[in-house]
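**Q** These came from Swiss-Prot, pasted as-is:
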- Thr12: active site (ACT_SITE)
- Ala172, Cys175, Thr178: Na(+) binding site (BINDING)
Amino acid sequence: MEHKDNSKMYGTTILCIRRNNNVIIAGDGQVSLGHTVMKNSAKKVKRLANDTVITGFAGATADAFTLFERLEGKLEKHPGQLLRACVELAKDWRMDRYLRRLEAMMIVADKSVSLIISGNGDVLEPENGIAAIGSGGNYALAAAKALCESNDKFSQNMTLEYIVTTAMNIAAEICIYTNNNIIMEKIED
């Protein structure tokens with residue numbers, strides 16, 4: 001994510017992996033203001049809709065909390081319909097002059113679908129069950145794909161938690177806006 005304003009808080013890694021009817025969203029704990037680490041233990045993942053939806057955000061913190069509130073409202077209006085709630089949020093994001101200025105992205109998931117809601121108001125479903133956003137997202141995505149797509153016996157026995165933790169730690173080693181304080185939320189079948 002390009003940092004347009006060094007007075008805003010940016011930078012994170014959010015990773016979502018879906019496997020065998022289980023899904024985890026993980027986020028690191030670092031909050032940066034410009035080039036300064038302001039906090040190491042921020043919680044960027046949370047549960048919504050009576051714990052049936054998990055979500056993580058990247059981008060400007062205040063903007064992300066605005067989107068969380070809007071998404072919660074859409075989920076209340078369309079209970080059990082995550083895709084519809086996200087599409088409705090995306091419509092608002094595109095149409096509303098205030099929302100269009102928000103600098104954040106989200107990954108949301110329930111028991112059946114994982115979605116990325118982009119800063120442009122797009123709703124995308126990852127093809128392979130792996131999604132990542134934020135400054136370290138590409139590193140976490142590459143590591144997670146490598147771990148999930150490996151065909152050796154060891155990789156077949158790796159837990160979802162192990163894959164997520166390993167991928168997030170690799171991202172933290174590379175991305176200066178990501179740390180190793182990983183917080184996860186999981187929905188199990």
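Backbone N, Cα and C atoms are what each Cβ position is placed from, and that goes for glycine too.
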**Q** Within 8 Å of the Cβ centroid of the Na(+) site residues Ala172, Cys175, Thr178, which other residues of the same chain have their Cβ?
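**A** In sequence order, the nearby non-listed residues are Thr13, Asp28, Gln30, Ser135, Gly136, Tyr139, Ala140, Met168, Ala171, Glu173, Ile174, Ile176, Tyr177, Asn179, Asn180.
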**Q** Between the Cα atoms of Ala172 (Na(+) binding site) and Thr12 (active site), find the distance and write it as a whole number of Å.
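**A** Checking the Cα atoms of Ala172 (Na(+) binding site) and Thr12 (active site) gives a distance of 9 Å.
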**Q** Measuring Cα to Cα, how far is Thr178 (Na(+) binding site) from Thr12 (active site) in Å?
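**A** For Thr178 (Na(+) binding site) versus Thr12 (active site), the Cα atoms are 5 Å apart.
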**Q** Determine, from DSSP, whether Thr178 (Na(+) binding site) sits in helix, strand or coil.
**A** coil
**Q** Rounded to the nearest Å, what's the C-alpha distance separating the residue listed as 'active site' and Cys175 (Na(+) binding site)? Just drop the number here, would you?
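**A** That comes out at 9 Å between the alpha carbons.
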